[in-house]
Ligand code: ATP
Ligand code: MG
């Protein structure tokens, strides 16, 4: 069916009053950003119903964009016509004729919101259904398991005819829950964690640690690409690229190989916390998943977490790896995540990292690192910042840290 309108439905119906209209406005402004590329399409709101008038713009690409709008529970491509029986019958027929493979069974479901319309629901089901049946000889009615359920919504402002409901991304609209820093590696997990956070309305800024020249330009590009994919779900994402080579090299020289990962991850958290303070973010998000690797056992998480005072959100902590991969595929990050470029942790990975680090020992070791505070501050200072948006196809401009602050 080549629809002329798209009917939008919002999620989280429990929200009431002012919260609800703020919520709807945020969703609507995201939809408006998608429609920017389609100048003839417009958004209307009548009697509490929000829909897009396509005015000749193509449905398919807009549909792909809408699937990425958090706060939309579902939407339907519709044919709109007047509140007039003859017209409704014709439009219902053309909707039924539009399938590439002709359906064998169907059912009409009339929703009569406009009570002044002079036919009752049962009558309309029959009048529309029998009209279609007369024109399509092989079609039959099946009220229990129809191949096509043709919904006819009769409202004061017009009649909407549709047979398809596309599931939306659900969740809460972008930026409705404050800001957090996403620790984004090049792996499979952290982009998925970022997506889950955004789906709860969190505005994310990504933080990536690189060990150039041990890690390559391509590894950096991969993280930029992942950020760009995530930015399709929001307005834009700020990406902080932290130089981590110096700290990693110094930690490696401590010759305490089995605690190296613990020490590295504590340093990462300290830096991320400082960046969070600077950006007025309230939490840190990671892609950690219980038991996946040595640094993600309960004792490791405990020792690593001790270093920071702000909440650390771990959306994937209890998930199965297969489920994480499935979501990564669905949201479009998987193909990029599996590109084989080295990560700063893999390069410095010790042979037998501790799965049960001792907090007191770790704190004692750190107390002896008189260079640590200064290097942490330097890493924060030398962090490169980029603003990534989804329509950015080439390498974005690097903004100078200095310019960003003043
Ligand atoms: P991922 O698939 O996200 O890389 P992982 O299973 O490989 O996760 P680790 O490498 O132990 O696990 O990292 C755990 C979490 O720490 C990551 O999900 C990410 O949030 C953060 N992290 C790890 N390396 C980096 C990095 N180089 N830059 C930013 N964050 C990182
Ligand atoms: Mg990783």
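Each residue, glycine too, has its Cβ placed from N, Cα and C.
What you are looking at is a predicted structure, and each value in this text was computed from that prediction instead of being measured.
Site annotation for ATP in TrEMBL covers 183, 184, 208, 209, 265, 287, and the matching candidate from 253, 296 is 296.
Considering only the binding-site residues 183, 184, the Cβ with the fewest other Cβ atoms within 10 Å is that of 183. The secondary structure of residue 208 (ATP binding site), as reduced to three states from DSSP, is extended strand. Among the binding-site residues 208, 209, 265, 287, the residues whose Cβ sits under 6 Å from any atom of ligand 1 are 208, 209, 287. Here ATP is bound by 183, 184, 208, 209, 265, 287, 296 per the record. The longest Cα to Cα distance in that group is 19 Å. Around the Cβ of residue 209 (ATP binding site), a 10 Å sphere holds 28 further Cβ atoms from the protein chains shown.
When the binding-site residues 208, 265 are scored by other C-beta atoms within 10 Å, 208 scores highest.
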